[in-house]
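Here the structure is laid out as structure tokens; the discussion comes afterwards.
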Amino acid sequence: MSAHPLGLQPSKIIAVHLNYRSRAAERGRFPEEPSYFVKPPSSLSHTGADLVRPKGTVLSAFEGEIAVVIGKRAKNVSRAQALDHVKGVAAANDFGVHDLRYADRGSNLRSKGADGYTPVGPVLLDPRTADLTLRTWVNGVLVQEAKVDDLLFDFAYLIADLSRTITLEPDDIILCGTPTGATVVEPGDVVEVAVGDTERLVNTVVEAENELPKPGARPQVTPTDRSIAYGNDVPAIKPETEAALRQVSTATLSSQLRKRGLNHTFLNGLAPARPDLRMVGTAHTLRYLPLREDMFDQRGGGMNAQKRAVEAIGGGQVLVIDCRDEHGAGTIGDILALRAARRGAVGIVTDGCLRDSPSFRELEIPTYSAGAHAAVLGRKHVPWEIGVDVACAGVLVRPGDVLVGDGEGVILIPPAIVDEVAADALEMERQEKFILARVDEGESVDGLYPLGPRWREAYDNWDGQ
């Protein structure tokens, strides 16, 4: 490893897994505490150095980050003291090759720890006074931009947390996580990262001349690693698909899902607060567990999981609350529902009860519940975690699943088949409109419903009116 232009000689480089709200929302999970992995000091690099992707790999991905560089030894420091131990902050790129991620079993050692995979620089800034807006460009196009207040855990929190058990030495580096927008880059792509309006950290992706020699794990692309590398764990709904879903009934969608062998997708026993509103969005999940008073004391107050779920929800998402079909308390009230709507949520679904239920008839957010109850959630529930697989009204719901609601209720569609289901449902409803018109004219349903060969030509020539 050549000398770093900033003179950095870290004994360790520690990276945070998830720390920007936008990235956590993309992944569909929000950590209650930070988790970390370690990169070798030999991965440290600088502006102008190449990012070398092994020949035969395809999932090389950048992550623009802020690097906190320790200035003096930190052991058991408080949050209030933490920044006194910082030399400065700099732009960084937590580069990696996800083709080797499967072999690391969570350590990220080979996938992210290769020589040169942690460029840092080219300037150090004072975190107390600098503009800490993080920006990343690929081939001159801005692909990441995030303010420091988007961090789940600030610099001081990370230093205080780590220094409880690990002595942070001068020049040690903490990589503070990446916002949404990180994705795969190809040989020849130029990645630039900057903090504020300072000089950019610039690195070019190149391909090695040779494949990785044996022995050792070979590059392998798994669906999970591909999804993580591209940064699209929670897919958006295509505009044309959303438009189709807004036109068809949950009954029609249920028929289409049943044809595909999916019989447990309609959420049982839920009614809309506003039957006039349609709902189409992706699941953002919140899980409640049964009340245990000591656990409620620990997890029920302050910025608990319920409030974090609301503050983390994004545009086009539906808040799905798993209450175990318990109807003995409210699970969400009008204030948090309004906050979710203001953050861009397109629906709320709970298999428990609404509190302040009359107010939901005035809110412009589709809401589905099992009833109403005046008691607060603490009578029956502990708000536990967000961004996990849940059971809601008898249906398994995963973050990113597509939910459609109408006056009849709510149905789930797996995202992998939502485009085809929506298109086929639209065609099915067109056929049923034709059939209804013929029945209204006095025709028998024999050979007409479902549409049979005798009526096919008439249907094909029908103008849809």
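Every residue gets a Cβ built from N, Cα and C, even glycine.
Just so it is clear, the model here is predicted, and its values are computed rather than measured.
The feature domain 'Fumarylacetoacetase-like C-terminal' is assigned by TrEMBL to 12-206. Look at TrEMBL and you will find 212-232 tagged as region 'Disordered'. Per TrEMBL, substrate binding site is recorded for G333, D334, I335, L336, R355. Taken from TrEMBL, the feature Mg(2+) binding site covers D356.
Overlay of TrEMBL annotations on the structure.
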| residue | record | Cβ neighbours (10 Å) |
| --- | --- | --- |
| G333 | substrate binding site | 16 |
| D334 | substrate binding site | 17 |
| I335 | substrate binding site | 12 |
| L336 | substrate binding site | 19 |
| R355 | substrate binding site | 23 |
| D356 | Mg(2+) binding site | 16 |
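With a threshold of 8 Å between CB atoms, the same-chain residues lying at least 6 positions outside the region 'Disordered' (212-232) that come near it are 26, 54-59, 61, 97-103, 110, 180-184.
Excluding the listed site residues G333, D334, I335, L336, R355, the same chain places G330, I332, A337, L338, D356, S359 with Cβ atoms within 8 Å of the centre of the substrate site Cβ atoms. Straight-line distance linking the Cα atoms of D334 (substrate binding site) and D356 (Mg(2+) binding site), rounded to a whole number, equals 6 Å. Binding residues for substrate (G333, D334, I335, L336, R355) extend across at most 11 Å, taking the greatest CA-CA distance. With respect to D356 (Mg(2+) binding site), the closest of these binding-site residues in Cα terms is G333, chosen from G333, I335, L336. The secondary structure of D356 (Mg(2+) binding site), as reduced to three states from DSSP, is coil rather than helix or strand.
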